[in-house]
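Q: Here it is: the structure, laid out below.
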Amino acid sequence: MDGTTGGDGGGTRTEPTVRDRLRYLLVLSRPRFWFYLAGPVVVGTVYGGGSAPELVAPTALVLFGYFLVPANVLLYGVNDRFDADIDAENPKKAGGRTETESEAVETGGEAVETGGEAVETGGEAVETENEATQQAREARWRGDRVVAAAIIATGLLGLVTVAVTPPIAWPYLVGFFLLAVGYSAPPTRFKTTPLLDSASNGLYVLPGAAAYVAASGAHPPAAALAGAWIWAMAMHTFSAIPDIEPDREAGIRTTATALGERRAYGYCVGCWTLAAAAFSLVDVRLGALVGVYPVFVTGIALTDVAVDRAYWWFPALNTVVGAALTIGGLSRIVAPAEVRALIETWALIEVIAGVA
């Protein structure tokens, strides 16, 4: 049920406010990962476009806007809805507001969502946290009907992307929506089948492919599409390594649980190496850029860096690589001064997403 439990003996339950729900939806959408969907749209638009005006064409802006926030609410909302029982044991999901709504306290100048038991300190009730809660950046499912309706609404809003793009882009958009839902929701629930869970994460590539088509009127190069898809497969498996133990305890089989941590690292290195090779067929500079990933993950595997810590470094790495890809594409069609302005805009959006 929605609401919080009163602490003064009344036992009353109050409905979450609009602000509570919006805040929860924001956490649910994983702001740190917004550019995993919106970034490919930028890259696809840049490489598909032939002139500066095409970069800010209405279709490009609609695609970017939808895949920046609403698509993330849809993707992660469906995921959290059908993973509610599993996430109860997942340390990555210790944050956010659950049925026993917690209050934010100021710690070192930042508002921190707390969990645990209240203790009296200096006359004030302060809620304590365990380490997992302090580290959490994802929220557990609340079972709120209004939130569920909002997630469905973001899916319906996706019809706008179909309306503004040419028919040649529709297969990519339809593929995204089918995989975004089918990845987590029964009866397909690809995420519970080794290899299918990894392969289905090519969904992150599809918004970029649709943007490329919308800008150019042609399909993207097959080698680039294959390289990006394989890259996404590795990214998914790497992100699942911290979940190996919770998933095993819940009886969930994934590529990561089937391989185990060490072999999962090897799988990621292999996929990213193949991705780099595929991109090299398009441009050797693209291959060199993607080649950063197998080197990076090899360094993690050979050191004592905890994978659940390294997991949170990848949004920054992906942003840097995505920015480099974008700058390279922009240099073909935009004057240096305009490139600088666009980079500053990109950085501002990333800062806003990081703060959120």
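Here the Cβ of each residue, glycine as well, is placed from N, Cα and C on the backbone.
Remember, predicted model here, so these are calculated numbers, not experimental data.
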Q: Please identify the range among 268-287, 288-307 that TrEMBL labels transmembrane segment.
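A: TrEMBL lists transmembrane segment for residues 288-307.
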Q: With the ranges 33-50, 195-212, 231-248, 321-338 to choose from, which does TrEMBL describe as transmembrane segment?
A: 33-50
Q: Could you pull out which residues elsewhere in the chain have a CB under 8 Å from any CB of the transmembrane segment (33-50), counting only those six or more residues past its ends?
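A: Cβ under 8 Å, 6 or more out: 57, 60, 63-64, 67-69, 71-72, 75, 204-205, 207-216, 218, 220, 228, 315, 318-319, 322, 325-326, 329-330, 333, 346, 350, 353.
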Q: In the same chain, who gets a Cβ under 8 Å from the transmembrane segment (56-78) while lying at least 6 residues past its ends?
A: 25, 28-30, 33-35, 37-38, 40-42, 45, 49, 147-148, 150-151, 154-155, 157-158, 160-161, 164-165, 176, 180-181, 183-185, 203, 207, 210-211, 214-215
Q: List, by number or range, the same-chain residues at least 6 past the transmembrane segment (288-307) whose CB is under 8 A from its CB atoms?
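A: Contacts of the transmembrane segment (288-307) (Cβ under 8 Å, skipping residues fewer than 6 from its ends): 227, 231, 234, 238, 241-242, 261-262, 265, 268-269, 272-273, 275-276, 279-280, 317, 321, 324-325.
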